[in-house]
């Protein structure tokens, strides 16, 4: 049977020409040369070479070692470049020229596609926040009193954001059991995941000028999956009063692929009904775009699906998070990344962290190779997701994969 | 009287040739060209031009638009470049060549000297933490239970770190008074300062590999003053459970000058006695360098000194903070910046924030133009500091100045 060209449409492929996520790759024969690529099925189109070959004016944005220049070019450029790429991979007359510029996905190395400027992590699932509140603060309110009034967030470490596939070294740190007199030091015994969706800022904004809800599409270039690796024992001891620090900062994994916002137009859905009146800068009742995204996430541990968190259940939307993040005048830079917070739905199998799935280890999940309360060395976690696309298609998000290696 | 050359030593000048902090400047005739400079008295030596003129091998580090390349070059290069610069400004035979490369400080524009990678803020003064605990959590423990076991810190927003002299727009945001049913939105009514010392990382470290106490000098390039502007009302409403976010992220000001660590060798002092046993990675009892710095900070509001916080009173040292920050395997990048946390001494006039000085506004400070609970529009805050230098000299730290302008 002749090998099928990636330019031949495959019915039901979530990475068909309606998707076209961006990434950065290098090949085995030129490992030092990073190039911008666009994923098509199980292949990568060398986008810079394609633009050069076709004499496209977008070569200056695409013939680059990273996504930064395209991300900084703004919404009109994002739309025009996407239209051009769609034509290049679908118009039959381009086929002969494009064919040689496609690399099998398995033959390339994928890199972090942009330099992360600031990284912020939110806490936007009511189900997750309630579960965590019950576990960590059993004597207090499950949901903090401010939770329904503002999307709670905090800054994380941009320098330790790594691309899918990077191994994660089990962190060491201080932890103290409630009954102990003093903390002890050692490898985390409660290493966990958080299944999240991340939004990547393209267009910067000026310090002192908030970005309102309606400007979300002008600033956010695209999205990807994110695994906010969390050491629960380190976090529990350190986080009062200034928030998570070393329990999170050792590694955060993101997809190698950034899905353009436009590819998810058919996946826009209304967020859950709000139960508290929102201040005007967060009130999205009158916004043109529904704020939610109908992304169906799947969490696999050593190949076995352990949860399917629905992103549509998130209380706070990405547009609200951006409006909140900038309402004090904080500026945006190209490459700012913000995570949604753990995605957990109301169901038991919809929880996006082991903390919740195992109720802080008390109800282990059953795997083919034994029970898990938290992650063991050698465990591999893979997040995948898809969303409804145009005309009954599915839009796939690039996976986030990471394997735990023993503490140094 | 003939004008005195900056190359002529002035008795008692805290910016004499024993100091030589680095900065980045541009001149009025070439506003688009940023250059590396070294401060000498009230002048700036064009360090790149000096290196070129003298045919120095350090031209590749100094003839740059920013401090990054020198910061990344490592400790041996830092020492050698500093020795060379010292010779250039002190050896009489260089005078004729150096003289034309000096620009009066008042004639140049100073810029942020390096790109901030990640910004972390600590909470290392026992006096400050105790004061804040009493004010914010009157019914709880003044000092959190973890405070004496680890240097508490959190990540801040790197993209809004600005150079001294940049105006600060009063942030708007949510706040809720304890008795109110719901939050209100508006300009912060409790805008405050935090007088801090910031440490700038030069040499990067690998993800997964902690940086121990003894390696502090291999990684930290220098230090400067930092004003961690804080909106107390926004902070109080948002910070539980994930820490400060919008109450801090609108702006953080740093000196235009980075003082090399070596210039402060004579200012090293032992930190206060520890009252809890420390885990080995934080235990600095056997370290060669005393961990503290005898920096005398001065906080001026509209030109009037309102506090003189002593940095020598800080419980946690910069080396301990770096060891803690990386003990989970978090990597360092050139340009990582970490603040000490507000510097407050035991005395009432040694407190580094208005929150403490005015006890949350209940005991206003008296200024020539009236009382202040928190900052008013138009107020200007200036932090300065000096430390003992070699042979009875004083080493000055570059000032941090910022004026509040009304909310947008």
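Every residue, even glycine, has its Cβ placed from backbone N, Cα and C.
Per TrEMBL, these features apply:
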- A:1-21: region 'Disordered' (REGION)
- A:120-404: domain 'Fumarylacetoacetase-like C-terminal' (DOMAIN)
- A:123, A:137, A:235, A:239, A:342: substrate binding site (BINDING)
- A:128: active site, proton acceptor (ACT_SITE)
- A:228, A:248, A:252: Mg(2+) binding site (BINDING)
Under an 8 Å Cβ to Cβ limit, what residues of the same chain, 6 or more beyond the ends of the region 'Disordered' (A:1-21), are close to it? 38-43, 45, 82, 85-86, 89-90, 95, 98-99, 102, 222, 224, 257-260, 263, 386, 389-391, 393-398
Binding-site residues satisfying Cβ distance under 8 Å to any chain B Cβ, from A:123, A:239, A:252: A:123, A:239
Among the binding-site residues A:235, A:252, A:342, whose Cβ has the fewest other Cβ atoms within 10 Å? A:235
Could you round the CA separation between residue A:235 (substrate binding site) and residue A:252 (Mg(2+) binding site) to a whole angstrom and send it over? 15
Here the Cα-Cα span from residue A:137 (substrate binding site) to residue A:228 (Mg(2+) binding site), rounded to a whole number of angstrom, reaches 21
Quick check: in three-state DSSP terms, what is residue A:123 (substrate binding site)? coil
Is any of the recorded positions A:123, A:128, A:342 within 10 Å of residue A:228 (Mg(2+) binding site) (Cα-Cα), and if so, which, in sequence order? A:342
Whole-number Å distance separating the Cα atoms of residue A:123 (substrate binding site) and residue A:248 (Mg(2+) binding site) is 14
Which chain-mates of the residue listed as 'active site, proton acceptor' that are at least 6 residues away have a CB under 8 A from its CB, listed by sequence? A:341, A:342, A:343, A:344, A:351, A:352, A:353, A:356
Taking only the CA atoms, the spacing between residue A:248 (Mg(2+) binding site) and residue A:239 (substrate binding site), expressed in whole angstrom, is 11
Which residues, same chain and not among A:228, A:248, A:252, have a CB within 8 angstroms of the centroid of the CB atoms at the recorded Mg(2+) site? A:121, A:156, A:157, A:194, A:226, A:227, A:229, A:230, A:249, A:251, A:339
